[in-house]
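Peer 1: This is the structure I have questions about; it appears just below.
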Number of protein chains: 2
Amino acid sequence: MRMIHTIDDMRHLVGECRQQGKTIGFVPTMGYLHEGHMSLVRRAKAECDFVVMSIFVNPLQFGPAEDYEQYPRNLDRDANLAKNAGVDAIFVPSVNEMYPQKQLVFVEVEEITNNLCGVSRPGHFRGVATVVAKLLNIVQPDKAFFGQKDAQQVRVIQQMVQDLNMPVEIVPCPIVRESDGLAMSSRNVYLSSEERLQALSIQRALLHAEELFKTGERSATVIEQQIRSIIEAEPLAEVDYIKIVDLQNLTDVSTIEDDSLLAVAVRFGGTRLIDNTILYVKEGQPCFAQ
Amino acid sequence: MRMIHTIDDMRHLVGECRQQGKTIGFVPTMGYLHEGHMSLVRRAKAECDFVVMSIFVNPLQFGPAEDYEQYPRNLDRDANLAKNAGVDAIFVPSVNEMYPQKQLVFVEVEEITNNLCGVSRPGHFRGVATVVAKLLNIVQPDKAFFGQKDAQQVRVIQQMVQDLNMPVEIVPCPIVRESDGLAMSSRNVYLSSEERLQALSIQRALLHAEELFKTGERSATVIEQQIRSIIEAEPLAEVDYIKIVDLQNLTDVSTIEDDSLLAVAVRFGGTRLIDNTILYVKEGQPCFAQ
């Protein structure tokens, strides 16, 4: 496995792949890899000839009061995991390599960033869209693989690729969970054992909501309220949002009539966790990964 | 010469070129071609194997009170001129092809759009950067050629390509002038003969400024005032701006100590003309086309 630190070296490698007629699959990450990332790599390997993973904790997508500094990092461990998973190259640029001078150009995604994490984390999706645009322009993959735990991020990236006509296919991949049901996240290491235990209420609540939906409940308010009472039964839980939104435009819905996203963000102690599930109304027309 | 109307067909052609190992040169235009555009084509042909010209009047870069509707269009004439100049393919998408649904994603360029035309035309450079990003992603050229008459546009595009790491080289090309000195522009056809005559004051003023600069004048205010009095001697002239700005960050300068851009925008009747010249301070370090 190649470890690449500069944009020039990355471009050179991409050029070689192209000359050899190889398709490139790309898995952008912020490192501290877990099984969720590994599932993206497996999918990329299944669909592409050459797999590039980037590991870059992007300062642009963190707010001033957020966890950029303490975000967990361990490059040795990540490199081993990537190598064992069959990644062909990891791209590990420094902040200075990605932002050699003050960034003046930003990719702004409107409307679909006006809800959910876009409200709780002002500027977050601008930072995400901008760095993903940069990475896609550097790696020039045929396909890029994103985890659906960050459902709004997937929508934002899909919209960016569509509206800017970027020559890449975005492949959303299903949420991967710990054996106890907690959605995999690099931030899970922040949790104390007590917080971790209480955080399991999130998936319990989502499963309950799916059950309600399957048995015919279509009132978003009713479902949201039941989720809230399950999660807020945990004394350490502080709900950021619990929302059912339209899957395409991410606006609030009151009655579930189209495919919808049920998304939650909850803090346990200082740790903000997100999770979601998709409520498909249109049989056989799933818009996201299955 | 191929005439291409859809993004899919354009991508297909680009793929063919790549397979044949051809480099692609790209000349984006809004059509109503003139000798300025032709000079870009000649440069593209000299430097690339295959030349694509786009002809697209981009609604996104026009303000609500601007001339989108009446902007001159003549595809038959343009296609002939392009063919005779040796363009290999023209890409002529409809507005619906470029914007099939409401555009939610925009490329925002900060700071260098806060002066000059960025002030007079709010939203203009957002529209320019966004459509050029789209076109570059569709055509995927090795080099793209832009006229320096739109000096701020060139800076904006260069900044976009740099900050978003787009895999293309931007080639700025010198201003081309009519035999009487008026900078070539598709909008020159709007001018009455009287307006056109008075518009020649712009280049007279720029030449006078260059002369002042060459003989040692370094006060931006002094130069700007003399330009203003030459242009405002014409009764139909309405100055939008006359400014000397830093060539890199496009902020106003009072004393010319670094390479600077002298830029003017003047209305004659309803027609807004822009023109500029670069005042090089650093011998042998020109940043723009020469």
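Each residue, glycine too, has its Cβ placed from N, Cα and C.
Caution: TrEMBL annotation is automatic and unverified by curators.
These numbers come from a predicted model, not from an experiment.
Pasting the feature list from TrEMBL:
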- A:30-37, A:147-150, A:Val176, A:184-187: ATP binding site (BINDING)
- A:His37: active site, proton donor (ACT_SITE)
- A:Gln61: beta-alanine binding site (BINDING)
- A:Gln61, A:Gln153: (R)-pantoate binding site (BINDING)
Peer 1: In whole Å, note down how far the CA of A:Leu33 (ATP binding site) lies from the CA of A:Gln61 (beta-alanine binding site).
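Peer 2: For A:Gln61 (beta-alanine binding site) versus A:Leu33 (ATP binding site), the Cα atoms are 19 Å apart.
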Peer 1: Using Cα coordinates, what distance in whole Å links the residue listed as 'active site, proton donor' and A:Ser186 (ATP binding site)?
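Peer 2: With distance taken Cα to Cα, A:Ser186 (ATP binding site) is 10 Å from the residue listed as 'active site, proton donor'.
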Peer 1: Roughly how many angstrom lie between the C-alpha atoms of A:Gly36 (ATP binding site) and A:Gln153 ((R)-pantoate binding site)?
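Peer 2: Computed Cα spacing between A:Gly36 (ATP binding site) and A:Gln153 ((R)-pantoate binding site) is 15 Å.
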Peer 1: Near A:Met30 (ATP binding site), which residues of its own chain have a C-beta under 8 A away, given they sit six or more steps off in sequence?
Peer 2: A:Ile55, A:Phe56, A:Val57, A:Asn58, A:Tyr71, A:Ser186
Peer 1: How many other Cβ atoms are found within 10 Å of the Cβ atom of A:Gln61 (beta-alanine binding site), counting all protein chains shown?
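Peer 2: Other Cβ atoms within 10 Å of A:Gln61 (beta-alanine binding site): 21.
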Peer 1: What's the CA-CA gap between A:Leu33 (ATP binding site) and A:Gln153 ((R)-pantoate binding site) in angstrom, rounded?
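Peer 2: Here the two Cα atoms are 18 Å apart.
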